[in-house]
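Swiss-Prot has this to say about the protein:
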type    : residues       : note
BINDING : Asp503, Asp509 : Mg(2+) binding site
DOMAIN  : 570-629        : domain 'KH'
DOMAIN  : 639-713        : domain 'S1 motif'
Amino acid sequence: MIITKEINLGQGKTISIETGRMAKQADGATVVRMGDTMVIATVVSSRKTPSVNQDFFPLQVEYREKYYAAGKFPGGFFKREARPSEKEILSARLIDRALRPLFPTGYYHETQVIINVISSDQQNDADVLGGLAASAAIMVSDIPFENAMSEVRVGRVNGLFIINPTIDELEGSDIDISIGGTADTICMLEGEMKEISEAEMLDAIKFGHEAIKKLCQLQNELAGEVAKAKRPFTPLQVPAELSEYVKNACESSLKELAYKPLAKEVRADETKAIYSETVKKAIEHFSAAFGPEALAADPSKALCLNEHIIEEEIHSFEKNVMRRMILDDGKRLDGRNLEQVRPITIELGVIPRAHGSALFTRGETQALVAVTLGTKKDAQSVDTLTNSADKRFMLHYNFPPFSVGEVGRLGSTGRREIGHGNLAERSIKMVAPGEQEFPYTVRIVSEILESNGSSSMASVCGGTLALMDGGVPLKKPVSGIAMGLIKDGEEYAVLSDILGNEDHLGDMDFKVAGTRDGITACQMDIKIDGLDYHILENALAQARRGRFHILDKMEEAIPASREELAQYAPRLTAIQVPVESIGLIIGKGGETIRSITEETGAEINIEDDGTVTIACSSNEGTKAAVEIIKALIAKPEVGTIYVGKVRDVRDELGAFVEFIPKTDGLVHISEISRERVTKVSDHLKVGDRIKVKLVDIRKDPRTGKTRFALSMKAVDEEPVNGTEAGAAPENN
């Protein structure tokens, strides 16, 4: 049976959800449509009982944009979609982060959500529709799921908030924020803004949440009509005697350890020792208490002998101890108060050959950030369903295993690295100079050397500092901070600059980046229900104070961008040439432009309008390239003196001289010197660079070719060496 539900969200935005037509063998499948953009989402969850040793939810979310959806061919030799693009990975992460908290605690069945974009009108982006479709697919399935979830994008054009703005509307929007949530609460945020205030952000979130409520209700109605019963699920129940024993065995030790302000490695070692000792004692205790007959009569008692289950119980007490310490005493694992930011150190120019660099250290989190400046040719070509463009500002984030003291594989860039890099990039992009002001392609690379929380925000701070060190004229400096939340009933505490443990054991990870004038990017993940706007307002205000503190430290290190680019950065010079001369500069098969590059070391880029951009790390190379190009397009004029190169010597005739690139003229034997010349080779040889004057231009009546008559005698100077042929002419 095909069931379709439709809703009008206002502003001409109509969304429909359909189930029962496609992918009927999946546990759940829906098609969501807005305009002519359509996505199909499917979900399948394994019915195989997971191992009792499993302690994570193996949820896989895949988002794919099919090129046929927009009537396009994929690029590359094979002409088919291959590995996911960065856009697809980021969209999948958005959906995953919103869905994951809504599955029941302890549900560890392998689950796969696949979202395919099957039609694109190239105006309505499909990413947030994918989140809606995924939630709806789970709702109409038999898979346990707490609440319907919906995702929307909020923009603002001319002061008016818009739900799911089109690509054209986003061009004029000062907000681009994706929001995921249920009818009761927000569980995910991510977006970029043009320095908006905290109050404006809250207004945008509230506006988006109203649309989310309507979409969640639509899903509930759809699921009600499908009326598919949820499969039975009972989470693993830990025996009460095990919980009691573990509490008595380790709670006091964990509490004592929590109140010690220790370094990350020391704390990890001492925590590991408590775990090992408690597991050993518990197994000894229950092995003696339970004989074979008791285990046979009650198989659940075997859980008391399971090392993994015991460690999970210890972990729950460790989590509770840390949370109560924060809520009751306002103290944190490293001894800070709730709002205190860890010590910050900054070093600039640490990589001599980079075009800008910084080493940013905050507590036990450290980022080494380098900047590379390039030309338009270095821009990244990005092709998506909705547009094709050259990306000239990028930030890449690397998180090697040694940064957390581990051994690991070094493979392709992971989803987490792509997501963190994108957030840092969006944070800084808003203050980057425009192409007219700064026509460089900019690549920032953040190498995380140490990590104990908030490495993406360290990348924002380090990236800003590296750009300023490199002389990139940022509009304003940007800093970022990660906020945390501990909530128990009505009690809550907001934490500034969270540690890795506080992120892991807490209820929220809220990253905020911005300038002194407003927020430029944010990302939030919530692990609990019931986050109200009052808490969010407090978190934003506290984040603002933290950002300003970090900005103070950054401005102490470097108050403004350096006035000069780095020594090894390319210098860009732009000149305008006639459009009809472009082919002359490029040459046959690019021969001429390649020879200029080889000769001068400069990189040359030519636009269709005749703008020639020359990039070279030395002023000499730039000057030489400009002179060659000007000489190339120069029209020979009688009476003008040129610096040319002898190409051929004919003893009884004269010398052929290349006086402008690719153009030769003849210095007749009688025009070489005021003295009588009997043998040209006595005076000139191939390769000599000489000054000549153009004395005549005439057409050969037999061939129709233009002949150029040159004179050394008219210049009245001896041959000179060291000046390239084709230098800019000297007017007589």
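Note: Cβ is positioned from N, Cα and C throughout, glycine not excepted.
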DSSP helix/strand/coil residue counts for the domain 'KH' (570-629): 32 helix, 16 strand, 12 coil
Reduced DSSP assignment, Asp503 (Mg(2+) binding site): helix
Three-state secondary structure, Asp509 (Mg(2+) binding site) (per DSSP): strand
Residue counts (helix, strand, coil, in that order) that DSSP gives for the domain 'S1 motif' (639-713): 6 helix, 40 strand, 29 coil
Confidence summary (mean pLDDT) of the domain 'KH' (570-629): 89
